[in-house]
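Asker: Quick paste from Swiss-Prot:
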ACT_SITE  Asp13  active site, proton acceptor
ACT_SITE  His41  active site, proton donor
BINDING   12-18, 40-42, Arg306, 332-334, 414-416  GTP binding site
BINDING   Asp13, Glu14, Gly15, Lys16, Asn38, Ala39, Gly40, His41, Thr130, Arg144, Gln225, Thr240, Arg304  IMP binding site
BINDING   Asp13, Gly40  Mg(2+) binding site
Amino acid sequence: MANVVVVGAQWGDEGKGKVVDIYTEHADDVVRYQGGNNAGHTLVVNGEKTVLHLIPSGILHKGKRCIIGNGVVLDPEVFIMEINRLKEKGRLQDDSALLVSESVHIIMPYHKQIDLAREAKSGDKKIGTTGRGIGPTYEDKIGRRGIRLMDLLDPEIFARKLRENLEEKNFILEKLLGEKPLSFDEIHKTYSGYADILRKYVANTSLILCKDIAAGKKLLFEGAQGTLLDVDHGTYPFVTSSSTCAGGACTGTGVGPRDIHEIIGISKAYVTRVGSGPFPTELLDADGEQLRQTGGEFGATTGRPRRCGWFDAMVVRFAVRVNGLTGVALTKLDVLNDFDTIKICTGYTYEGKPVEDLPANLAVFEKCQPVYEEMPGWKSDIRGVRRFEDLPEKARLYVHRLQELISCPIVLVSIGPGRDETITIRNPFA
């Protein structure tokens, strides 16, 4: 028996969806434990592209149960839309294959309105929010004002909580943000309709997961975003509002730490970032544009072009430490096919002195200079390779060097977007 957590080891968009899709073959349950529809997983199966924002990637596999844990914040409209799209494609024929924790917090219209209005007023201090209400929903969760899914299903409780919250939110919208107030009747009617649709998916998912573990079933925990976007360990305040690290898999599902056996970090063979915040290896030249265009580095959720840079070993080494990674899956190695020379950031300097770890102080981090090591490119197409030993020697040397720098074994190498374009070195479920 093995239960595996998959986390992003950089700033998100590392290719977790594909890796989760591959590992799902070996799992019984696939569990989402944090975030909301601010993350997009792009999967290519038999040439068909599917983008999921809330529902775990495992839904594309028959016989698997997908669970959305209590650490997620749920937009009912988006969730229902994803269900309908999957059913149109012939997926999710059995509704019992998808469960949602009764304790998830619900994204309300005022959360989205506040999110967008705040970002619009922040000028050059923008965080880079997707505007989907994720942060304000987590604010209400921590402030003990949130509306949970179990509340939405109880007409009396939902009406009371909505009325109380809307009084405060409309004050904020009108008096502080200069926006129009929202209508209680409109929200109540719409969300009561959502409740009727959602009811059949709701469950005590913590209990179900723990029973499955006791029965010897294998669980795969699917993280969203990345380690450097973690609200505690990331480049605060340019972070998301949830715990993206491996520890979030426990708090976000109700499964204890001793039932986690493997933690796999996902890292690109280079690095990208969306939105504002420090990025020491960012490339603003032709190399950066080549990475962006070749790698298709545009957000699955927003369509925004991603910032691109050379592989940063400091970032991934940090992710290895704070997550306790047992392995790293390296994605998009093929994007580097045409480079004559490839750089690796092996460390930073600040004011001319070496930096031991990622600075928590943003003012320091923003002034860190990367220390580069150069390696020759392999200048050949590797997408047809299926065994590590069949990669060009220079590609193998690159992977081995990254492994040395991050002090963690690389257990998988992705060389294209397709499920079959993968080299598995070690299976964490084996």
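Any Cβ shown, glycine's included, is placed from N, Cα and C.
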Asker: Compute all pairwise C-alpha distances among Asp13, Glu14, Gly15, Lys16, Asn38, Ala39, Gly40, His41, Thr130, Arg144, Gln225, Thr240, Arg304, the residues listed as binding IMP, and give the largest one in whole angstrom.
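Answerer: Output for IMP binders Asp13, Glu14, Gly15, Lys16, Asn38, Ala39, Gly40, His41, Thr130, Arg144, Gln225, Thr240, Arg304: max Cα distance 34 Å.
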Asker: Of Gly15, Thr130, Arg304, Leu333, Ile415, which binding-site residues are close to His41 (active site, proton donor), meaning a Cα within 10 Å of its Cα?
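Answerer: Taking Gly15, Thr130, Arg304, Leu333, Ile415 one by one, the ones whose Cα falls within 10 Å of His41 (active site, proton donor) are Gly15.
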Asker: Taking the Cα atoms as reference points, how far is Gly12 (GTP binding site) from Gly40 (IMP binding site) in Å?
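Answerer: If we compare the Cα positions of Gly12 (GTP binding site) and Gly40 (IMP binding site), the gap is 10 Å.
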Asker: Output, ordered by sequence, the same-chain residues six or more apart from Gly15 (GTP binding site) with a CB under 8 Å from its CB, or 'none'.
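Answerer: Looking at Cβ-Cβ distances below 8 Å from Gly15 (GTP binding site), excluding near sequence neighbours, one finds Ile266, Lys268, Ala329, Thr331, Lys332, Ser414.
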Asker: Cβ neighbours within 10 Å, counted over all protein chains: which one of the binding-site residues Thr42, Thr130, Gln225 has the most?
Answerer: Gln225
Asker: Return only the integer: C-alpha distance in Å from Thr130 (IMP binding site) to Leu333 (GTP binding site).
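Answerer: Between the Cα atoms of Thr130 (IMP binding site) and Leu333 (GTP binding site), the distance comes to 28 Å.
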Asker: Distance between Gln225 (IMP binding site) and Leu333 (GTP binding site) at the Cα atoms, whole Å?
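Answerer: Roughly 20 Å, rounded to the nearest whole number.
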Asker: At a 10 Å cut-off from the C-beta of Leu333 (GTP binding site), count the other C-beta atoms across all protein chains.
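Answerer: Step by step: centre on the Cβ of Leu333 (GTP binding site), count other Cβ atoms within 10 Å, giving 24.
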Asker: Quick one, of the binding-site residues Gly12, Gly40, which Cβ has the fewest other Cβ within 10 Å?
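Answerer: Checked Gly12, Gly40; of these binding-site residues, fewest Cβ neighbours within 10 Å: Gly40.
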Asker: Between the Cα atoms of Asn38 (IMP binding site) and Ile415 (GTP binding site), what distance do you get, rounded to the nearest Å?
Answerer: 26
Asker: Using C-alpha positions only, work out which of the recorded positions Asp13, Gly40, Arg304 is nearest to Leu333 (GTP binding site).
Answerer: Asp13
Asker: Sort Arg304 (IMP binding site) into helix, strand or coil using the DSSP assignment.
Answerer: coil
Asker: Compute the C-alpha separation of Thr42 (GTP binding site) from Asp13 (active site, proton acceptor), stating it in Å without decimals.
Answerer: 9
